[in-house]
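Peer 1: I have a structure I would like to understand better, so I am pasting it below and will then ask my questions one at a time.
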């Protein structure tokens, strides 16, 4: 069908275009807003033809109003547009959108008051405080709990097996019930007899505590008065249905049904704790677990904790952040202690996914690279050596970048025919002496040792056999003169090692 702009014509269209979008604003409603509303209704699976009449607009308002608190801005804008259009159809004079919303609220309040008055008149005729109702004769009679309620209760116990949500379900189904009705609900539970025995023990303990705090008055009961209920009467074991109704509807009333229900809920809390053995301290977020799933497990376990609301609030503020994984914990601590649960879940959305892992890895690699660069820079700190050109002899550039005419020959000695790396010009060695030396030997060689020469043939002695003593392996002892001569041969090492203490 497409979007339509023919919803309003004539006077209604003029009135529509005079209404401002905001109080004190300059912009007014136009035909394009009706076209947009048509398209948005199709998105919400609503019939756009409902905009043609005031009754249709009222139906749209009833459909959209429950979702306003959790809806998007588009939903709120659509609701405001339909509310304004409803006022135009009803010919209600308004100046802006806020006045239209106020008119809608006034009509809804008036309709609600009429409904309450009609309901109160009907209740005054036939019933008071279900399941105890008043019959036509004005007597208070009991309506048994329905089979549908019992079936819902049994189904919850079988499916949930005393999980934390069983307690609110029991509270809702047992609203206004008598002790007899409550016993009927407990007796319909076929399985979990160990849990039911624990519940009976808790009820007996509470009944004994009631008897201790409310002792029996001495003497007979005055005529026309009801006796005070005992613990067993509240539990429905020693009292009749008529007595229970009389206590609950008396003046002053004794709410035996509510008291008994409170005892049962206390026992159910113990059973829920037994069926949920996991402590709130053990609920920790896994390394790859989404934060939303972790929050669900946390509050499900917190629901089973036997603690006051203040303690549970402290657990939520402290343990929820403390037991999160390192990635979420870093984000939550950055939000601060006053962050709401919605802000936490929004901030941690996507943590643990591929995109988040890639971002974390990139940040880690960036930090490693920065650290490496800083270490490399720190290793080469110190005064910089000035570079010198071998061609022109000036500092600040190298020979390959020199603009001066290239010097011919060796850059060291100035002679042609060889390069500087092959230059044989004398240069100082590590002892500070010029090398090559004209004397032949460097300073760290023996200088005064005579060169060995062969004697003339005329002076050569005839070879004779050595004496027998020379074959003995004896240690030769040098003479003092020979030792002094050897020491004098080492005098040239003074330049290297200083004074020789052996000569002193």
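Glycine is no exception: its Cβ is also placed from the backbone N, Cα and C atoms.
Below are the features listed in Swiss-Prot for this protein:
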- 2: N-myristoyl glycine (LIPID)
- 7-31: region 'Interaction with Gp41' (REGION)
- 8-43: region 'Interaction with host CALM1' (REGION)
- 12-19: region 'Interaction with host AP3D1' (REGION)
- 16-22: motif 'Nuclear export signal' (MOTIF)
- 73-77: region 'Interaction with membrane phosphatidylinositol 4,5-bisphosphate' (REGION)
- 105-128: region 'Disordered' (REGION)
- 146: phosphoserine (MOD_RES)
- 187-225: region 'Interaction with host PPIA/CYPA and NUP153' (REGION)
- 215-223: region 'PPIA/CYPA-binding loop' (REGION)
- 275-361: region 'Dimerization/Multimerization of capsid protein p24' (REGION)
- 434-486: region 'Disordered' (REGION)
- 452-455: motif 'PTAP/PSAP motif' (MOTIF)
- 463-466: motif 'PTAP/PSAP motif' (MOTIF)
Peer 1: For the residue listed as 'phosphoserine', what is the secondary structure state per DSSP, taken as helix, strand or coil?
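Peer 2: The residue listed as 'phosphoserine' sits in coil per DSSP, no helix or strand.
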Peer 1: Which residues, given as numbers and ranges, are at least 6 beyond the ends of the region 'Interaction with membrane phosphatidylinositol 4,5-bisphosphate' (73-77) yet have a Cβ under 8 Å from it?
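Peer 2: Contacts of the region 'Interaction with membrane phosphatidylinositol 4,5-bisphosphate' (73-77) (Cβ under 8 Å, skipping residues fewer than 6 from its ends): 40, 44, 64, 67.
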Peer 1: Can you name the far-off residues of the same chain, 6+ from the ends of the region 'Interaction with host CALM1' (8-43), with a Cβ under 8 Å from a Cβ of it?
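Peer 2: Distal contacts: 50-51, 60, 74, 78, 81-82, 84-85, 88-89, 91, 94-98, 100.
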Peer 1: When the region 'Dimerization/Multimerization of capsid protein p24' (275-361) is classified with DSSP, how many of its residues are helical, how many are strand and how many are coil?
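Peer 2: Breakdown, helix to coil: 56 helix, 0 strand, 31 coil.
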Peer 1: Taking only the residues in the region 'Dimerization/Multimerization of capsid protein p24' (275-361), give me the average pLDDT of this model.
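Peer 2: A mean pLDDT of 82 is what the predicted model shows over the region 'Dimerization/Multimerization of capsid protein p24' (275-361).
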Peer 1: What same-chain residues, at least 6 away in sequence, bring their CB to under 8 Å of the CB of the residue listed as 'phosphoserine'?
Peer 2: none
